[in-house]
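The transmembrane segment annotation in Swiss-Prot covers 8-28, 51-71, 87-107, 147-167, 183-203, 207-227, 294-314.
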Amino acid sequence: MPNKVFNVAVFFVVFRECLEAVIVISVLLSFLKQAIGEHDRALYRKLRIQVWVGVLLGFIICLAIGAGFIGAYYSLQKDIFGSAEDLWEGIFCMIATIMISMMGIPMLRMNKMQSKWRVKIARSLVEIPHRKRDYFKIGFLSRRYAMFLLPFITVLREGLEAVVFVAGAGITTQGSHASAYPLPVVVGLICGGLVGYLLYYGASKSSLQIFLILSTSILYLISAGLFSRGAWYFENYRFNLASGGDASEGGDGNGSYNIRKAVYHVNCCNPELDNGWDIFNALLGWQNTGYLSSMLCYNIYWLVLIIVLSLMIFEERRGHLPFTKNLQLKHLNPGYWIKNKKKQELTEEQKRQLFAKMENINFNEDGEINVQENYELPEQTTSHSSSQNVATDKEVLHVKADSL
C-alpha cells in the first residue's frame, strides 16, 4: 500500500535536486535586494517577477517531461521488459545507486555549494564574450534578461536531472505504482522550498546542518539498499532462467529462491507479498532472502563510502590526498579533464576582482544589466603593508560573498 501512495526514494531525490535550485534563487533574490532594495521599488518588483517567471516556466517544462516519461514507462512496462524484468530492475538499481551516491555528499557541503553558485552567477553577469559566437551563449544573453534566464536554466537543468534520478529511484522500488509519484514530488518540493526560505532569511546554520545530515544519511541508506537489491535482482534473474518461471509466484517457501546461493531465508516478511515490509524494502533494500552477492554489495557500498568520506576529510584539512602533494579528489574525475575545468578555476585574487566588479553592477529602467567595463581594482601602495592588505581583501571578499 505505501508504494501505491508515497515513494520514499522519490521524495529524497526530488528534495536534493530542489535544494540546489532554491540556493540559486535565494542568492539571486538576495543580490537584487542588496543592489536595488529601497532605491527603486518598481524596478525591484519587475526583476523579482522575472526571477519567479523563470522558475515557474522551468518547473512546468520539467513537470511535463517527467509526467510523460513516467506515464510512458508504466503504460509500456510489460512490453519493454517481458521475461527479463528482473534483469532490467537490477540494471536500474545499479544506475540509481551511482546517481544518488553522487548527489548526496554536496548536501553536506551547503556553504561550498552556495559559494560555487555565487561565483557562477557573478561570472555570468559580469563577463563579456570575446568571440561573436559567444554572444549567443547564456553568459551574454543573460545581460538583458539575467533575472529570468538564470533561474530558468537552473531549474530546467536541475529538474531534468531530477526526472532521470526519479526514474531510476522510483522504478526500482518494489511494487511501486505511478500513483506513488505525485505526493512525494510535492512534499519534496515543499521541503526544498522551506530550506531555501530558511537560507534567504538567515536561519540558524547549525539546525539546518543537522537537518541536512539526517536527510543525507537516509539518502545513503536508500542508495545502499538499491545496490544490494540490484545484486539480488541479478541472482533472481539467473534463478528464474534455470527454473523456467517467476520465483516470486511460488510464495515464500521452497522453490521461491536459489538455496545454493542463499545465506539466509525467512518464510515471511516478503516485500512483494506482505504489506508493510515494502517500506523497509524501499528504505533499506530488505529482502526475505539474503544472497551472498546482495549482502556483500551492501557491506562493500558502506566500506567504499567510508573511504571516500575519510579522503574528503583529509583533503579538507590538508588540501591534498594522502601521500600526495598536488592531487585532489576532483582530479580523479574524468569529467574534470574532459571539460578542461582546470582552466576555468579562479584564484582567490580573481574571485576578489570578480566580486568587486559585481559591486559596480547597476540596472537601467528596462532591467538590463550595466557593468563598468574598465573597472580595475586599486593597486597596493606599499610593499610593507601588502600582507595586511591581502588579509583585509580576504575579509572583504568573505563579507561580500555572504551578503549575496
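Cβ from N, Cα, C; glycine included.
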State, in range form, which of 8-28, 87-107, 207-227, 294-314 has the highest count of Cβ pairs under 8 Å to the transmembrane segment (147-167).
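Looking only at 8-28, 87-107, 207-227, 294-314, the most contacts with the transmembrane segment (147-167) come from 8-28.
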Against which stretches of its own chain does the transmembrane segment (51-71) lie, if we need a Cβ under 8 Å and a gap of at least six residues from its ends?
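Same-chain contacts beyond the flanks: 21, 25, 28-29, 32, 147-156, 159-160, 162-163, 166-167, 170, 178, 181, 185.
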Using a cut-off of under 8 Å between C-beta atoms, tell me which stretch among 8-28, 87-107, 294-314 contacts the transmembrane segment (183-203) the most.
8-28
Should anything in the same chain at least six residues away from the transmembrane segment (294-314) have a Cβ under 8 Å from its Cβ atoms, list it; otherwise answer none.
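Those are 97, 101, 105, 220, 223-225, 227-232, 235, 263, 285, 287, 321-322, 329, in sequence order.
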